[in-house]
Amino acid sequence: MSLSASEKEENNKKMAADKAEMGRKKRAMWERKWKRLDIVKAFASLFVHFLCLLAPFNFTWPALRVALIVYTVGGLGITVSYHRNLAHRSFKVPKWLEYFFAYCGLLAIQGDPIDWVSTHRYHHQFTDSDRDPHSPNEGFWFSHLLWLFDTGYLVEKCGRRTNVEDLKRQWYYKFLQRTVLYHILTFGFLLYYFGGLSFLTWGMGIGVAMEHHVTCLINSLCHVWGSRTWKTNDTSRNVWWLSVFSFGESWHNNHHAFESSARQGLEWWQIDISWYIVRFLEIIGLATDVKLPSESQRRRMAMVR
């Protein structure tokens, strides 16, 4: 008796998970050599979370507004620029606007565009396998955050960053890669200069930490819990309640089904703030070559009900 398409998909996922579990032993944080970049990343993360602990003692209403601005500007920089524009080339904008959006993403303190885009492209190339940079098969906390602090493991899995030659050819992205730390330090200094500890703890603390964890939830939670609408060979899920906070990124099953789509909230009721921005830019003539899934693609990927 032949298996249905859905049964075959479930079997393939189980086999892939079993293979990953057998083929790669989870490595504890203390069981490997820490590279200098790992230490810098870990220190930065600890510092941001330390600022969060100080934030309640430095609360002001202007500081809360700064936190919301940092969260929004940095978050949209990640979703609109790093993710949809640079990683997937789902739309085009003039270079001055592309570079501006990318700089907004830099302020989210999630790395420079070359580093972020390369990791994300490897995630789609090796989704849920033992070569996935933040594979959910290695545990929730690994896929959520711990993978960030093991760059040697990332190289072991994926090799060198050879999948971002389009960005490496541009002086601007190479400049940001070389100087990312100086931009972050300047950002922190400006927050302190204009608002003291209140702006620093709420802007670089609360604002940045919230955006970090929302982004991390896309890698962890959205491969564990939620609904599936499309036949993808992975564990991607749609998590509706995270859509507002993630600016539309949590329609993750939609995204894995149609990676190059500029729109991830494919239904009218699926909130996707990043798409609203891209659509507005398209209406006023600044965004071109905006990619969306065709009806034939949607029919081919739809779950059998």
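These residue numbers are counts, starting from 1, taken along the chain as shown.
Backbone N, Cα and C atoms are what each Cβ position is placed from, and that goes for glycine too.
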Which one of His123, His183 goes with His223, His252, His256 at the Fe cation 2 site, as Swiss-Prot has it? His123
Of 1-20, 161-180, the range Swiss-Prot tags as region 'Disordered' is 1-20
As Swiss-Prot has it, motif 'Histidine box-2' corresponds, among 110-114, 120-124, 225-229, to residues 120-124
What is the interatomic distance between the Cα atoms of His83 (Fe cation 1 binding site) and His123 (Fe cation 2 binding site), given in whole Å? 12
To the nearest whole angstrom, state the Cα distance for the pair His123 (Fe cation 2 binding site) and His255 (Fe cation 1 binding site). 13
Tertiary contacts of the motif 'Histidine box-2' (120-124), defined by C-beta under 8 angstroms and 6+ residue spacing from its ends, are 82-83, 87, 131-134, 157-158, 163-164, 219, 256, 259
Argmin Cα dist to His124 (Fe cation 1 binding site) over the binding-site residues His223, His252, His256 returns His256
With H, G and I counted as helix, E and B as strand and the rest as coil, say where DSSP puts His88 (Fe cation 1 binding site). coil
